[in-house]
Amino acid sequence: MNNQKCSTLFLKLRGRRRIIRCIYVVGFMDLFGVSMIIPLLSHHVKALGASPTVAGIVGSTYGILQLFSSTVVGSWSDVVGRRYSLLTCLLLSGLGYSLLGMSTSITLFVLARIPVGLFKHSLSICRALLSDLVSESERPLVMGHFNAASSVGFILGPVVGGYLTEHEGGFYTSSFTCAAIFLVNTGLVWMLPWSETLADRNETNHSNNTSEGCYDKYGSKSVQNGSHATSHQTVLKPETEAASRSPWKYRLMWREVSLLQPAWRQLSSVISRIHMVASSDMWDLFLVRLLMAVSIMLYYSNFSLAMEERFALKPKMTGYLISYSSTLGALAGFLVGPVTQLYKNNMSALLLHSTMLTSSLIFLYAAAPSVWQVLLTSTFFTISTTIGRTCITDLELQRGGVQASGTLIGAGQSVIAVGRILAPLLSGLTQEFSPCGPPSLGVVLALAAVGLLLVRIPKWDKKGATKTVKL
């Protein structure tokens, strides 16, 4: 009987591994398709007859929609499950890119950007799904690999998009190709072996208790429809056994709502989850995310112009330097796992050190006397920012609980959207004084994030220790 239970459990674990590998492919194809379109959008808007002001307003539409929809869609994925929310986002995003391929006027262009702005959250839901499928200790490794796969797609996409643009009707061809990629992703998600992960939490816990030999690195959680298998009446409380393994987990209490429930009940649950996150003691993490997002965006905001003005570097060479940094960013995803193991999964310390390194590298870039120093700082800057992004996401999931992973990751994306609004404004103002103005301001913001972490991390550790003693 025990061997039969172990065999059943291993089958479920293999199903989860297959889902994880398929999610890597979805992430790669997602950014591959999107990056085909992004460089072409501004040119297409101008070709439709838009003035620079109108083009700027149209371009900001996507960011504004993302700002308000990221948290809502992420929370909705917690409510109805990852599978249906991911399928919905992929289908509607594909519809948006199809409409973009038919946009022959500015009005149609704006209408095409609306479904994409509202529902292009497939990567966030993929990250939430991965956090559901793996244990807390394995989460940084898996997230790092997912980010690496997505980054490779973002590197290759512009190459294909640029090739297609050289032909007649290239923008429309690229748009329809992107839409087709999203449809392929939809089919891939639909065919994932979800049934192999449909296990009741109690059954899995019983299997783990009767035979610890069945334990596997992906076997610490049970998943139902891409989210935790919790009955509709169950409320997760800190007194659970899972909470004893992670003091911050299950700090917030979440109820699961079926997709078949009325829309008003789903909306009520979404609003409740967002309110609980907004009123939780996580403002410090979100503020650190905002400060670092703006500082990193300021680093890149006038990079090409600064290289030309400071070192007379031609755009072609600047392009090579940016491609070099992007490639390193993809490879850095594979370093996340080993680095977190080196820190013994102490994500707070790793976040502090990566933030300090990032602020130092931005300062060295701003004061760089030669291109070679810029090359050196770019090398380590890409690695430190990749590790920092993974750290802060992992800390948010630790403190809010994996049951809220969609809401938390969505809230993080909303914070980044705020950064995308602020960074261009701050970059323009600081460039009035010097080409080094944007990175100099980035240093100040990054140092503010370091100071905040120095103040708050001891309080996080103290709360975690107190929670452990009570348990």
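Each residue, glycine too, has its Cβ placed from N, Cα and C.
Owing to the predicted nature of the structure, the values given are computational and were not obtained by experimental measurement.
Residues or ranges marked as domain 'Major facilitator superfamily (MFS) profile' in TrEMBL: 19-463. Mean pLDDT for the domain 'Major facilitator superfamily (MFS) profile' (19-463) in this predicted model: 80.
According to TrEMBL, the feature transmembrane segment maps to 21-42 (among others). Through the fold, the transmembrane segment (21-42) approaches residues 55, 59, 97, 100, 120, 122-123, 126, 129-130, 145-147, 149-158, 160-162, 164-165, 170-171, 174-175, 177-178, 181-182, 184-185, 188-189, 192 of its own chain, all at least 6 residues removed from its boundaries and within a Cβ separation under 8 Å.
Non-local neighbours of the transmembrane segment (54-77) in the same chain are 41-42, 45-46, 85-86, 89, 106, 109-110, 113-114, 116-121, 124-125, 128, 226-227, 266, 269-270, 273-274, 277, 406-411, 413-414, 417-418, 420-421; each lies 6+ residues outside the stretch with a CB under 8 Å from one of its CB atoms. TrEMBL lists 54-77 (among others) with the feature transmembrane segment.
Residues or ranges marked as transmembrane segment in TrEMBL: 84-100 (among others).
According to TrEMBL, the feature transmembrane segment maps to 142-164 (among others).
The transmembrane segment feature in TrEMBL is assigned to 170-192 (among others).
Annotation comment: TrEMBL describes 282-300 (among others) as transmembrane segment.
According to TrEMBL, the transmembrane segment annotation covers 320-337 (among others).
The transmembrane segment annotation in TrEMBL covers 404-426 (among others). Beyond its flanks by at least six residues, the transmembrane segment (404-426) meets 60, 63-64, 66-68, 70-78, 82, 85, 121, 124-125, 127-128, 131-132, 227, 252, 254, 273-274, 276-277, 286, 289-290, 293-294, 297-298, 301, 392-393, 396-397, 438, 441 of its own chain at Cβ-Cβ distances under 8 Å.
For 438-457 (among others), the entry in TrEMBL reads transmembrane segment. Long-range contacts of the transmembrane segment (438-457) within its own chain (CB-CB distance under 8 A, at least 6 residues past either end) are made by residues 284, 287-288, 291-292, 294-296, 298-299, 301-302, 306, 348-349, 351-352, 355-356, 358-359, 362-363, 365-366, 426-427, 430-431.
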Tertiary contacts of the transmembrane segment (170-192), as residues 6+ beyond its ends and Cβ separation under 8 Å: 18-19, 22, 25-26, 29-30, 32-34, 36-37, 40, 43-44, 83, 86-87, 90-91, 93-95, 97-98, 100-102, 122, 160-161, 164
